[in-house]
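Record features (TrEMBL):
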type: TRANSMEM; residues: B:12-30; note: transmembrane segment
type: TRANSMEM; residues: B:50-72; note: transmembrane segment
type: TRANSMEM; residues: B:84-101; note: transmembrane segment
type: TRANSMEM; residues: B:107-128; note: transmembrane segment
type: TRANSMEM; residues: B:140-159; note: transmembrane segment
type: TRANSMEM; residues: B:186-204; note: transmembrane segment
type: TRANSMEM; residues: B:268-293; note: transmembrane segment
type: TRANSMEM; residues: B:313-331; note: transmembrane segment
Amino acid sequence: MEVLEKLFNVALVVATIRTTAPILLVALGGSFTTRAGIFNIGLEGQMLVGAFFAVIGSIWTGSALIGVACGVAAALVFALVFALLVVTFRANEVVVGLALNILAGGMTISLMKAIFGTRGSIVGHGIVGLPKLTVPGARDLLGSYAPLVSGFTPLVYVAFLLVPLLVLFYRRTRLGLHIGVVGEKPDAAEAQGLSVTRIRYTASLLCGLLAGLAGAHMSLGYITMFTENMSSGRGFMAVAILIFSNGDPVRLLLGCLLFGFADALSLRLQTFGFPSYLVLTVPYVVALVALFLLAWKTRPKLVRETADSMRRLLSIRPASPER
Amino acid sequence: MSDPVRAVLGQVLAVAIAIALGALVILAVGESPVRVFRVLFLGAFGDATKIAGTLLQTTPILVCGIAACISLRAGLFNIGVEGQLFMGGFAAAWIGFGFSLPPVFHVLLGLAVAALAGLAWIAIPAFFRARYGANEVVSTILSNYVAVLLTSYLTIFLFKRPGGWSETPPIHESAYLPAIFDFSRLNWGIVIGLALAVGVWFYFRATPRGYAITTMGSNPKFAEYGGIDIRRQGFAVLLVSGAVGGLAGGIEALGVHRRFMEGFAPGFGFDGVIAALLANGHPLGTIVTALFFGALRNGSLLLEVDTNASREIITVIQALIILAVSAQILMRRRADSTAGERRWKF
């Protein structure tokens, strides 16, 4: 019991919010492409170059803000290449996404070696991290619960504020609706005079913007360093969440909180002497189980629809009227 | 120009563009592209030992590539070859050091258990893909991370060599996959890989089942109307693909390292997937692309000694090639859009 009390406390919730932020940012970015009908497995690589160039920008200019801007710019370049190949050249999304991920991994390591002469990681060198924002009055109002709302880096607030904003964006704005139409019925969108190409490019670039922010948060947020392949599958987890949330921001948030929690818990468990190798698998296993469970759950509808349409096609039996 | 000639020319042009881009990247990291390519080439083919080394690196890439080819044929992406390789490698090493068995039988059992381990590792993602349509790209990628961590855990916490550092005890000599030459660790795994490539090519070309799988890959609806149970077939294809991935790990464990250790065979699974993609899922083509990647890898061993570039520059070149080829083929396909659509063709 005492262990449980030590494990589940305010600090764990705070840690969950922290670990949720980068995966939430990248998943929200992915919601643009998912909604626009693009399967974007390249999130991982966009995040990684975002993290790398954020560190570079921060070192060269001494400003965290410019660092973030550099990270975003790099992720945008990757997003642009992705869109060019997938939308304009109609190359396979999975192939291009994977290749860009590999490119991101190799490029960041090569550049790290060229610039710093080291392998492994960039620590120190005057990296300026993001400041922590204190919400005024939180301490007085909430007492020991204040860390729940105060003291996070700005991008954490951005991530969580983006959720309601994106709900509004998809429901109320012209571009948001267009993205949805292009994703669901590209032919109809074309017939309406919408440029599918332009909207998919826009969606891909918006995705790169948020993936870059996610990367910058990884390397300039709570730890100010860059490590080889430091995104360690978070982009892929985001894709898993995107698949079963279908790009809906609220469901994305719930999924991301689940992973943030799994991540925070696994960090916690390590300090209790559980073998780190097993504990580190927790977030991946959670992602896999969630992916499988959701696929299993959505099955009945799919099977029912297929069975119905088959029946109608073959007209063996009339479609059941009570449905 | 006839179509095949144009296709090959296009592919060559794409590779040339990618290498030119790679040269730019090498310039960007402050090295001379000519020197880097020279070092890469000499490191790969400089003398007999180097060529054997290239073939040694080619072996796991080829076997993993065949694993990927099998799934690509059915229009499925097994990106989890890396994880299957790790599971297979560990399983084979375990058979190798944990049991005392007669020589030839020991090797065969080790390879068989490796294949089984790979098969078991893909079984759950394959089941959910075939039965419920759970995206296999994501599930197999995520299971890679689990496989790497799990085998590390098994190695370090349960089977560590006494006094050793994150590695299992060495396997018994009876479990060695024998070397071909005495000057290199190159082993019979390369022969297994080549035989697999030819066998798989023949299977897809000449057997009804192979044709059914190809049909499923190029047009699943048509295959279904034609009476193929695409769920069952998809499941079986992924299982076989996983088994071959596991076998690749078994070959590495019994033929090269003769033990299992942390960071065993990094990236061979991914290289295999890329080699298969570059060959458009063709098993014989994969021999060529795997050899190319094996040469790049072996050449890169000297890169950090002789130049200032890091050896990851070769992953950059590989990625650029894939990107260039993916764009190029589609420029061709847009012209004749009536060509059959293959999900995995890029």
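From the backbone N, Cα and C atoms, a Cβ is placed for every residue, glycine too.
Automatic prediction, not curation, is the source of TrEMBL annotations.
Below 8 angstroms of C-beta separation, residues 36-37, 308-310, 313, 316-317, 320-321, 323-325, 327-329 of the same chain, each at least six residues beyond the ends of the transmembrane segment (B:12-30), sit close to that stretch. Sequence-distant residue pairs (6 or more apart) of the transmembrane segment (B:84-101) and the transmembrane segment (B:186-204) include fewer than 3 whose Cβ atoms are under 8 Å, leaving the two stretches without contact. Only pairs six or more apart in sequence are counted, and the transmembrane segment (B:186-204) with the transmembrane segment (B:268-293) gives three or more Cβ pairs under 8 Å, enough to call it a contact. Touching of the transmembrane segment (B:50-72) and the transmembrane segment (B:140-159) is ruled out by the presence of fewer than three CB pairs under 8 A, sequence neighbours closer than 6 excluded. Sequence-distant contacts of the transmembrane segment (B:268-293) (same chain, at least 6 residues past either end, Cβ-Cβ under 8 Å): 54-55, 57-58, 60-69, 72-73, 78-85, 144, 193-194, 196-198, 200-201, 204, 217, 245, 248, 252, 318, 321-322, 325, 344-346.
With a threshold of 8 Å between CB atoms, the same-chain residues lying at least 6 positions outside the transmembrane segment (B:140-159) that come near it are 77-80, 82-84, 86-87, 89-90, 94, 97, 121-122, 124-125, 166-169, 260-262, 264, 269.
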